[in-house]
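Positions annotated as transmembrane segment by TrEMBL: B:12-32, B:39-57, B:63-85, B:97-120, B:149-167, B:195-213, B:233-258, B:279-295.
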Amino acid sequence: MRQRSLIAITAALTAGALTLTACGSRDDKDDGDEAGGGTTVVIGVDAPLTGELSALGLGIRNSVDLATKQANQKKYVDGVTFKIEALDDQGQPSSGQTNATKLVADKDVLGAVGPLNSSVAESMQKVFDDAKLVQVSPANTNPALTQGPDWNGGKKARPYKSYFRTATTDAIQGPFAAQYLYNKAKKKKVFVVDDKKTYGAGLAATFKDEFTKLGGKVVGTEHINPDTKDFGAVATKIRNSDADLVYYGGEYPQAGPLSKQMKQAGSKAPLVGGDGIYSADFIKLSGKQGVGDYATSVGQPVEELPSAKEFIANYKKAGFKEAYEAYGGYSYDSAWAIIEAVKKVVDDNDGKLPDDARAKVIDAMKDVSFDGVTGKVSFDEYGDATNKQLTVYQVKTTDPKSGWKPVESGTYTGTN
Amino acid sequence: MHELPQQLVNGLLLGSMYGLIAIGYTMVYGIVQLINFAHGEIFMTGGFGALTVWLWLPAGTSVWAALPLMLIGAIFVSTTIAIGAERFAYRPLRGAPRLAPLITAIGLSLALQQAVWAWYPEAKSARSFPELPGGSIHIGSVTMQPGDIFLLITAPICMIALGYFVMKTRIGRGMQATAQDPDTAKLMGINTDRVIVVAFAIGAAFAGIAAVARGLKYGQIDFRMGFILGLKAFTAAVLGGIGNIYGAMIGGVVLGLAESMATAYINDVPGMDKLGGQSWADVWAFVLLIVVLLVRPQGLLGERVADRA
């Protein structure tokens, strides 16, 4: 008898723990839609909604949610009501693949926005492509996703026809940073660190190539383990390398502590990273040591674009708890690209969804072209955004909300 | 090689933190042969306890003045949770097959992690933790932060206090007796339940102190920090000889030094340039563990309970 109650307690505790875990992946607000009747089209969202990168992920989810609400409000596609289905990938490729499978199984899903991480995208692409379901990422910047693994050797080949993105790639983000830092900020000796993930390692490599081509010197390289926060040993190596710049390929949960620890160790070099560190949380984590650090991010600052004013106002009005963060505008545009494609498919089929709607949406995607929050939204033959604007930001104050200030925007010019 | 002293200090700092947490694993194992996998999360909740105290204090309070209160907050939260876990999750399972409490421990660890994630305000990503004021301190080529000094002072003090407690006090001797043979100890009039609670409480208190030290050192805490650190501390406990309280500290320091040496120097060994750096530090730490266990299965200082049964 006693034994049995013990087992019951164990089971109850384990079940409790699992239930709590499950809470994280449940979409907490799905308040139905006002427009009844007609067809429902679901736009899937895959992003890290919990965990370290959740700030960016929640911004993505909310922005897609906003796009569908606006489309419903305007009755943009006749007889079609849009809904979102947001799934949490926690930044893990395995979760991303599970989520992709789940979205594919739901017949109402005609497109998916996400994910945030390039490594997660790698695991999802084939699942979506097999099901002919279009995927538009607002944030993946690894060039191999659209141009194949040999993109750097000159042989570009698009691996999956169903994959599109509104963000520009690291093939220009890394070199853009290198040009700014070498020519304008006059930095000559760099220490390159990356987290060995698809995004981080790829970005660091493109930066390194361009920086050495310009005449800069790489005084050291290091790979870190993203599971840890202790970078003491690496920080010491950086200090002793006499670098005047540290390039970090990776994301803010590691970049923040790394910036703090390398400066505490006595290094004067600023840390530079890509869009993965361009987040309010970077400033929170790096504290006063982060002032002076740089990040590049895709596009122009959303706040400065006239096309974004309406988006920002609507986002505020919708009352989301979380900020739209670095990818809000891109997520909104990604969702709208899907909505536009669905509209074309419906219009071409006498106002009804055809049976092979998914495949038709992929076809329609190629010709999508409209003025979005982030500028002109359209895709080239690889599924990449044709908008190749980039901006360098610098941390000016320790205030997370307004610490990042744009220092230069432009389009990368040079050999690509 | 002029960075060697700094790298040794880096390893020592990391190791002291592992050691402080490892004591919780080793004491509980030494007395009830239970690997308390929720200990890493008990450490994590201690950090949030300290942060709560800091947020309650009026803005502008100096961190030095707040530190004692934060330590009390951390210790209070971590010991309360540990005692609660012992009473409600482990004690009912005492005498059950060993697998049952192990599974409970893992379940508890997940539950604690998710509870903080769900209910602590803004704990979904890292929260910043106050840092000790004052600039860095330079001793020769070594640079240290005030938070590092705190850790370097606290860890030995904790060890000495614990050594005194176990050797000289009545309940400490009761602990040794219970570790050797709980049934006989009970017959001798030792309240073994109380001894076990005290073992959990002391381990948790040390974990709370370690959590404050970690917060001060890195300026942030997050709901997942207990998992990896807990695993490392458990490794340190095994490395030093699980059940041996001095072994936990030694194991921690050896592990910390191994990680920092691997990061700094494996790259320079000819033919090893692909196998070095920070991303390989864990691999080398575990290689060290395997080597030690092959050569000396009882751990560096030996397992004090090994001769029993």
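Backbone N, Cα and C atoms are what each Cβ position is placed from, and that goes for glycine too.
TrEMBL entries are annotated by machine, without manual review.
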Q. In terms of Cβ proximity under 8 Å, which residues at least six beyond the ends of the transmembrane segment (B:233-258) contact it?
A. 8, 11-27, 29-30, 35, 37, 39-40, 43, 155, 159, 162-163, 166, 179, 281, 284-286, 288-289, 292-293, 298-306
Q | For the transmembrane segment (B:279-295), sequence-distant contacts whose Cβ falls under 8 Å of one of its Cβ atoms, 6 or more beyond its ends | A | 232, 235, 238-239, 254-255, 258-260, 262-263, 266
Q.
Can you work out whether the transmembrane segment (B:195-213) touches the transmembrane segment (B:97-120), with the criterion being 3+ CB pairs under 8 Å where the paired residues are 6 or more apart along the chain?
A. no
(Q) Does the transmembrane segment (B:39-57) come close to the transmembrane segment (B:149-167), meaning at least 3 CB pairs under 8 Å for residues 6 or more apart? (A) no
Q: May I ask which of the stretches B:12-32, B:39-57, B:97-120 has the most CB pairs under 8 A with the transmembrane segment (B:63-85)?
A: B:39-57
Q) Which bits of the chain, at least 6 residues beyond where the transmembrane segment (B:12-32) starts or stops, bring a Cβ under 8 A of a Cβ in it? A) 39-40, 42-43, 82, 90, 94, 148, 151-152, 154-155, 158-159, 162, 175, 178-179, 182, 195-196, 199-200, 202-204, 206-207, 209-210, 213-214, 217, 229-230, 232-237, 240, 242-245, 247-257, 259-260, 304-305
